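Per Swiss-Prot, the features are:
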COMPBIAS  265-277  compositional bias 'Low complexity'
COMPBIAS  285-296  compositional bias 'Basic and acidic residues'
COMPBIAS  319-330  compositional bias 'Gly residues'
REGION    229-232  region 'Necessary for proper localization to vacuole membrane'
REGION    264-339  region 'Disordered'
REPEAT    1-39  repeat 'WD 1'
REPEAT    188-228  repeat 'WD 2'
REPEAT    233-272  repeat 'WD 3'
REPEAT    393-433  repeat 'WD 4'
MOTIF     229-233  motif 'L/FRRG motif'
Amino acid sequence: MTSPALNFITFNQDHSCLAVGTSKGFRIYHTDPFSRIFSSDDGNIAIIEMLFSTSLVALILSPRHLIIQNTKRASTICELTFPSAVLAVRLNRKRLAVVLEEEIYLYDISNMSLLHTIATSPNPSAICALSPSSENCFIAYPLPKPREDPDANRPAHAPPQSTFVAPTSGEVLIFDTLSLKAVNVIEAHRSPLCCICLNNEGTLLATASETGTIIRVFSVPKGKKLYQFRRGTYPSTIYSMSFNLSSTLLCVSSTSDTIHIFRLGAPPGNTTPAGAPIESPASQRQDRWSRARSYDDSESPGASAADSPKNEPAELNGPGAGNNQGGHTRGSGSFSSMLRRSSQIMGRGVAGVMGSYLPQSVTEMWEPLRDFAYIKIPKSAAASGASRTLRDAPGGPLRSVVAMSSSSPQVMVVTSDGGFYVYNIDMEHGGEGYLVKQFSVNHSVLEGDDKSDASGYGS
């Protein structure tokens, strides 16, 4: 029997559940222990969103039609029809946000009354984040751009009388869904936005541009830049970002097969002028697992393309070097690799000292910010049909979704072929996480190191 195509995969707000929309209904799973708790075989589900661990789910079966359903009572609470296709749905205990390509509809979730309609620039990727918090109830989305701008870089092939619409901006608008007022605009990137997310308390915003080499974290609603991380050397499309519930870690997945985990937080006063924590000797020891980082800050709002070199070569132990396909090694033991790591530690130490004397736009070039830990996800050996379905889904491109467990230092990864993977992270030393459990959301249990949760699967 052929498994239904996967259309949509998402974690709920506290990462305790996983919802999967398929061509033949939808399923909901507990993440720890991993077990199926609800399933429905009705409809071709393009989008599904949960409200924490309640029985309320939002479903998109046809492009313009939203259904709010109570799974416990098997009843429909309400149905809404929109003027164009629904690209995303966001929920918290106060608000429901429905994202269309050029509008966002805000509803009071207690009575489903329409509160406000936000006009946006064309946003086909549905870049939008709603805080899970009922107090800091902010929604973030790309700052709308004027539809007609005489200074816009109109393509040469555009018809003379046409209206050129600029691509999504690199600025984020923060909107308070309780007061229904815009509260701030954050200049996050010079390149168009690709992915944004808010933490559980609605106090932190993570952003990534289409370039995908730099991840930034800002305070909300003030918009102060707190952290700047480097994901890698080469451009990559960011698919998913997620804070853990305590907002001390940020997970990022992309087109590469590496999940990056960045550490947030530093002792008071132990920061660089740009707000990035200075590394301790313990974190410097992680160099043996680090890869080269791009020093291209051209997407930074405060930097120009001439500020830094763009062709920084990768380290010899980086991806694609020799026979090391994983890209992360625990040191080759050679004299040259030892010398290189020593030079990196010394160079980064000098960068931290020099940063205190240089302007912010210059110190950002020196910041030795990198992932605290990382994960190598398995490459799918299955046919790419499921992947194509997920990429073509109204929710936008989706190859992998990540979240941190709420009860342990573990990272959960769901891939577009239906694999569900759980990795342990060493919270003291970081480095490479190791696989401890693996299951499938396609009705079969994958081989793995831990079969303890398999009995609950499919029940």
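Cβ atoms are placed via backbone N, Cα and C, with glycine included.
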Can you work out whether the repeat 'WD 4' (393-433) touches the repeat 'WD 2' (188-228), with the criterion being 3+ CB pairs under 8 Å where the paired residues are 6 or more apart along the chain?
no
Structural state census, the motif 'L/FRRG motif' (229-233) (DSSP three-state):
0 helix, 2 strand, 3 coil
Mean per-residue pLDDT computed across the repeat 'WD 4' (393-433):
85
